[in-house]
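Peer 1: Can you read through this structure? Questions will come right after.
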Amino acid sequence: MARATPKIAARNAHARAILGPDLSERLAETKVLLVGAGGIGCELLKNLVLTGFGHITLLDLDTIDLSNLNRQFLFRKKDVKKSKAMVSAQTAGPFNPNVQIQPIHGNIKDPQFDMEWFRSFDIVLNALDNLDARRHVNKMCMAAQVPLVESGTAGYLGQVQPLLKDRTECFDCIPKPTPKTFPVCTIRSTPSQPIHCIVWAKSYLLGQFFGEDEDASGELDEAEKQGENAQEIATLRKEAQAFKAVRAALRSKDSSGNAARMAFEKASRGKFPRTVFDSDIRNLLSMSDMWRSRAPPVPLDFDAIMKGSFVLRGTSTVTPTTNANGNKRAATNGQNSASTAGLKDQRALSLQENLALFVSSTERLAARLRAGEETISFDKDDDDTLDFVTAAANLRSAAYGITGKSRWEIKEMAGNIIPAIATTNAIVAGLIVLQAMQLLKKSYGTLRNVHLQFKPSMPLSTVMISPPNNSCGICRNTYTSIQCDPAKVTLGQVVRGILGDVDREVSVYEDRRVLCDPDWDDNNERTLESLNVTRGKFLTIVDEDGEIATIEIGICNLPSNHSGDPLILPSPLPDPPRKTKVSPPSPSTPPKKRPAPDDEDVTELEPAMKRLKTNGASNPNLYTPTKKRRLEDDGLVLLDTPNEKVEDDDVIEID
């Protein structure tokens, strides 16, 4: 190893003094993959550079948004809309010119980032806020057997978790809660909470007007199978057909200037069969059974609201709604509110102002479609879609008597935003580096899961790492990789090559697709490419008898200078361990509780009672509190003295 120049030695003197010469020199040669350049990623990149990690690959798909600047300190206003990975590398690079930072603006799930690519790193550090991406990185690190430090924050809370195959549990060893979903009829017909209206505006109405023309019959068929209201589902089927005409009108240049009114009031002029905020609600009101136990909704009138003459449950349409504290606020939002003082996004909107915002946002989105955009989906940083969801959700809330939300609140709820705090990110980033040091030193006994908690007396807590979960479908699998030309190699060649001389009945999967099983081998002679099994994907071989562990095969490209066999198998071949099966008890196994013997086979014995210390008391308590409690659980009441009487008629005294 080359000796450091005096200038480099002086720059690294502080880190060298803390880490020691050996570890300090190792860090200069360490190859780190940092996934994510957001709140945690910016802090973590700065820490890695100043600590002296010599080779850092930084990958992030996102671009910089104005809302990032309050906590992601590597970015400036001039950087908005630029790649986070590129800008953060340019900003952090001068902190330590001896460090090489390779930024990549891409998706970690892209096929070029395969097992061989992950194996080129000494350690991987996750700074992601996306569950699917975190699970993908976890699987790739388990497959490549590369140490991973997982992390996350939520407001003042944070956690850091070192992960290493066969030594610690992995990210998927503990099932993660699934995102909350709502029944389709609740969202479409009977909302009762603000989130129901927000999900309806974001996932349903925005998609119906400006998204892909999807056939809703599948969703409704599934809802019908789940036993949801058949009458409501029939109504929703008619509604799905009606939206097609509105979609066409919003995309037509002939309807320019009137798109919003058509979206709001499709039925009032007789041109279209339904309306979102009027006829739809009137149709629901005709189902009287639905409103026996809940307040019925109120149809909204476009013209009356715009004129300010519409009265909703005794409240004028121009009266601002109240905030969470019950305080009335001036309601301003939308394009005409730029000059209004204060935090406009946190102001409540009146019904009239929500309708004005609905009109404005619908016209803007329709203009984008006419200008060439094929589809428009929700993005919390897209003002047009956020305004549309805000207005539509609040209009629906008003119709159903639900408290409206501010634009800021709807952005948080629709964008699944968890408040981010710069201090939390900084603390977690420091803890990541500390755990990474232990992994690099192979000091596995000192690894800890660290939690940042909302307790002033103990803000940090550590937990011993847990062993792998034997039933985990990720880290308990046996991983290997092949290098091949998918256009020339068949599925059967791969399976036979990996299993070798082992003759077992197996099924082969790619993700959730069944490619072959013992009774169906039609795909065995097809090439991997024809089956869409290419670089970056996994073939999964499952033993039908369940006796050996599952084998996962990562597909990698052949070396650039390779000429010859289109398939290079691993050496040695994978040797999956045998699974330990817990045999069910045989029918002949006697039950835990023995049957009561016949009376004639029983010899009564006087139980020997252990003498208790009485300390001179004439009537000692012969039963411990624990034993007394157990007997009482069995329905027995113990008396303290022989002369004590029980007054309850339901109690039978036993001598």
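Positions of Cβ are set from backbone N, Cα and C atoms, glycine also.
Per TrEMBL, the features are:
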- 36-41, D60, 68-71, K84, 129-134: ATP binding site (BINDING)
- C170, C173, C472, C475: Zn(2+) binding site (BINDING)
- 615-624: compositional bias 'Polar residues' (COMPBIAS)
- 17-472: domain 'THIF-type NAD/FAD binding fold' (DOMAIN)
- 322-411: domain 'Ubiquitin-activating enzyme SCCH' (DOMAIN)
- 317-339: region 'Disordered' (REGION)
- 566-635: region 'Disordered' (REGION)
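Describe the structural context of these features.
Peer 2: Cβ environment of G36 (ATP binding site): L59, D60, N126, A127, L128, D129 lie under 8 Å away, each six or more residues apart in the same chain.
Non-local contacts of C170 (Zn(2+) binding site) by the CB criterion (under 8 A, 6+ apart in sequence, same chain) comprise N138, M142, L163, P468, C472, I474, C475.
Computed over the domain 'THIF-type NAD/FAD binding fold' (17-472), the whole-number mean pLDDT of the model equals 82.
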Peer 1: Can you name every residue in this chain, apart from C170, C173, C472, C475, with its Cβ inside 8 Å of the center of the Cβ atoms of the recorded Zn(2+) site?
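Peer 2: Everything else in range on the chain: M142, E169, F171, D172, P468, N469, I474, R476.
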Peer 1: Please report the distance from the Cα of C173 (Zn(2+) binding site) to the Cα of D132 (ATP binding site), rounded to the nearest angstrom.
Peer 2: 15
Peer 1: Among D60, D132, all listed as binding-site residues, which has the most CB atoms within 10 Å of its CB?
Peer 2: D60
